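Since the structure comes first, as C-alpha cells, the remarks are kept for the end.
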Amino acid sequence: MKKNLFLMIAVLAASPVMGQDAKQIADSLSIPPVKAGAKQLPMPSVSGAQIKLLGADYEQLVNSKGKIAPVISDTPVNVSFKVTKDGKEAVSKDYEIMLQAPQAAQGNPKPRIIPEILQWKGGQGEYKLGNTVTIACPDKELGKLFAADMEDVLGKKVKLVAPGAKADISLSLLKGGNLGREGYRLQIARDGVRLGAAAPTGLFWGTRTLLQMLRQTPGSVPCGTAVDFPRYQLRGFMLDVARTPYPLSYLKDVIRTMAWYKMNDLHLVINNNYIFHEHYVDNGHDPFKESYAAFRLESKMKGKDGTPLTARDLFYTKKEFADLVSYARKYGVNIVPEFDTPGHALSFTRLRPDLIYKGPMNHEKRRCEMLDAANPETIDLVSKVFDEYMLKDPKLGRPVFADCGVVHVGADEFYGDKEDYRHFANAVLTHALKRGYTPRIWGSLSAKPGKTPVVSKGVQMNLWSTGWMKAWEAVNQGYDVINTNDGALYIVPFAGYYRMDRNHKGLYNNWIPNRIGNETLPSGHPQLLGGTFAVWNDETDIMHTGYAPYDIWGIISGSMDVLSQKLWGTAKAPDTFEQHRELVSSIGNAPRTNPLHKWKDSQPLTVKPSSLPQKLDKPALGPNYRLTMELELTAAPEGKEQVLLAAPEGELLAVMKDGTVGFRRDDSLEFSFGAKLPVGKKVKVEIVGEPEKTSLLLDGEPAGTAVLKNFSDKSKDFSDKFKHRPKVHRSTFILPLKELGSSFQGKVFHMNVQPL
C-alpha cells in the first residue's frame, strides 16, 4: 500500500514534460493568449527548458524581441520558438496568435484587391474624384509613373502638384513606425486620399492598391484606413530566357505585371542549353557542335577560334540590360541575372573546349556542357565573365549589374565529383561576395556532401529539389532560403511534366510557402526569404514546337496572381479560387500593358497605298485576325528577303531567303508557310491569325500553315524513329502594322485587317 501511494504522489508531482525531449516540448507548447493592446508577446514557459522566440511571419507586427506593434484590425500572426533542453536544441512548429484591435463601429468592408490588404478599418462614405485628378508626391519619378498609370485606369486627366499642396491624392514619406521598406498606410476620407510609407517602395505598392480599387469602382474609393505590408520579403518569378528568346518589350510587360501584384524578384536565366544531348548522341550526332545554347548578354568574350559567348539569334546589349534593371527598380522589382555554370554551360565550353570536365560523372552523354569544376582556369574564366558585368563598364560609366544587388551563380545539376563541385561553388560565391553582391545559388549540397567548405554567410539558396538540397540542411548550414520546389512551382510550357500551371486551384487552396517538398519550416523562420515559381523552356532545339512568348502569357500571369496572394497575404486565402479568378478579371491587366495585343475596338483597318513603302503606325494586332491583301510580286531575286509588313513585334515576309512566304517574330524565331507567291501575277493573299496557329490562303485556297524553320533542318536529319520530334506545331504571329512594303518588290493594291 505504501509503495502504491508513493508512486501516485510521484506521478502527481512530476511535470508532464519531464520525459519529453526538446522537439516534443517545442511542438506541444501552450501559448498564452495575447490581450488587446498588448505590447509584448507573452512567452510560453516549461520547467527544465529554455525557450526563445525564433520569429514571426509578420515581423513588422512581432519583432525578434517579441515587441508587438499596434493593429487597426484583428490580424493573425504565426510565431515559432527555439527550445533548448539537456544541451539539445529544437525548433517548434507554427503557433497562430491573434493580435486584437480596439473595437470600432462597423464601416465600409475591406476593398478586394490582389494580394489582399492585411489590415482595414472601414469608414463611412466614399471619396469621389473629379474630372481632373491631382496628385502630390515627394518623389518626382514615382509621381510621373503613378499619374500615367492613373490616366490609363481612369481615362481622366491627372495633374501633378507640388509636394504638400492640396491634392486629391497626397503621398508622403513617414518617419519611424513599423511599416518597413515595403509597407504603407492608406487613409481615405471624404476630403482626400493620403498615402504614407517609410520608403518609396512602400509608396509604390500603395499606388498599386489604389489603382486596383479604382479599376473596380472608377471615380471613387471607399473611406477607411489600410495598413499593409508583405508576409515574405521575396516574392519571385524565374524566367528561362536562354533556351527560348524573349524580347525586351515582353520582359517589360512581365515587370509591370509583377508590380501589379506586388511581386518583387525577377530571376532571369541568361545562359543555358538544350539538355537532352543524348538525343543527338543516340542518332549519331555531336551535341557539342549541334545542341542549342545561348548566352543572352552582349559580351567581349570569344574563343580562340572566334566563337562568341554571346548568342547569335537574340541578345541584350549591355546598355539595354542595365536600362531594364533600372526600369524594373522603378516598379519595385529586383532583377537577378543568372550565369549557370559549371553545368548547363555549353556556351562556355564552346568558348574553351579544353575546359570540358574530364573526371568520372553520371550522364556521360551530357559531358559537353560540363565545365572542369576544380580547374583554376575554369574558375578564372567564369569570374572574368561575371566581372564584365559586375565591374564598371567603360562605356556605361557603371557596372551593367549596378542596380541588381543579387546575382545568381547557377551551379545546379553538375554530374561530376562532389569535392570538385564544392570547390567551384565556394569559389564563385566568394567572388560575388568580394565584388559586393549578394550571391544566390541552386541548392545542391545534400547531393554533394563533402569536406570542402562552401560559404553560406550572406548567401541565398533556391531550394528546388529535395534530392539535391534538403531545406533543414540548408538552414542549419546558414543559408537564406527561397522555396522554388520543382514539384509545386516549376512549369515547362506544353510539356508532359512540371506543369504547375495546371494546378493553380490546388496551389491557391493548399500550397504554403514554408512547406518545401516533404519538409516544413516555420513560416516566420528568419532564414526563409519567400518563394519563386519558375518557367523553364526545356523543349527547345529539335523539340521546339514554335510556341511564342504570347502563348505562355496566361501561364505566367495566371501563376503570378496566385503566388502573390500566397506570399504577400495571410496564410488563409480570403476568397474561394473561383472568387479569386473573378477578381483577377475585374482588376484586369496592369496599367499601360497590352500583352495580348488587343485593339480597343473591332473596327477594321483598310489601306489603298499609292506607293510603297507606306507608314501605317497602327498598333500590332494579336490573334484572332484576318489580313487580306491584293498584290503583285514583280521580282523575286534568289536569296533576298522581301518585307511586306514590319514593326518592332516582327516582320511578315512576302519572300523569305528560300523564296517562300513566312514571318519572323520579335523573339527571333522564323516560320514558313511552305508556299511561294507567283511572280508577275496579281494574287489575293490572306493571313488568318489564331492562337498557336497562323494560316495562309492564296486566291481563296489554303496554301499552308506556318511551321517553325529555326530547327527544321536538324530535325529532318533525324530518323522518323526519333520519338521526341514535335508532333504539334505552334505558330502564333502578332501582326506588325507599323510600315507596309519596306522592301517589297511589287505593288499592293488593297489591304484590309479585321480583328475577329
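Glycine residues also receive a Cβ, built from the backbone N, Cα and C atoms like all the rest.
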Can you find which of W464, W472, W511 Swiss-Prot lists as binding substrate at the same site as R243, D412, E413, Y490, W536, N537, D538?
W464
Sparsest-packed among the recorded positions, when each Cβ's other Cβ atoms within 10 Å are tallied, from N272, N537:
N537
Check the Cα distances from H344 (active site, charge relay system) to each of the recorded positions N272, D412, E413, Y490, W536 and keep only the ones within 10 Å.
N272, D412, E413
Composition by DSSP (helix, strand, coil) of residues within the compositional bias 'Polar residues' (603-613):
0 helix, 3 strand, 8 coil
Inter-residue Cα distance where the pair is E413 (active site, charge relay system) and W536 (substrate binding site), in Å:
14
Among R243, H344, which are recorded positions, the residue with the most C-beta atoms within 10 angstroms of its C-beta:
H344
In angstrom units, rounded to an integer, how far apart are the Cα atoms of R243 (substrate binding site) and N272 (active site, charge relay system)?
6
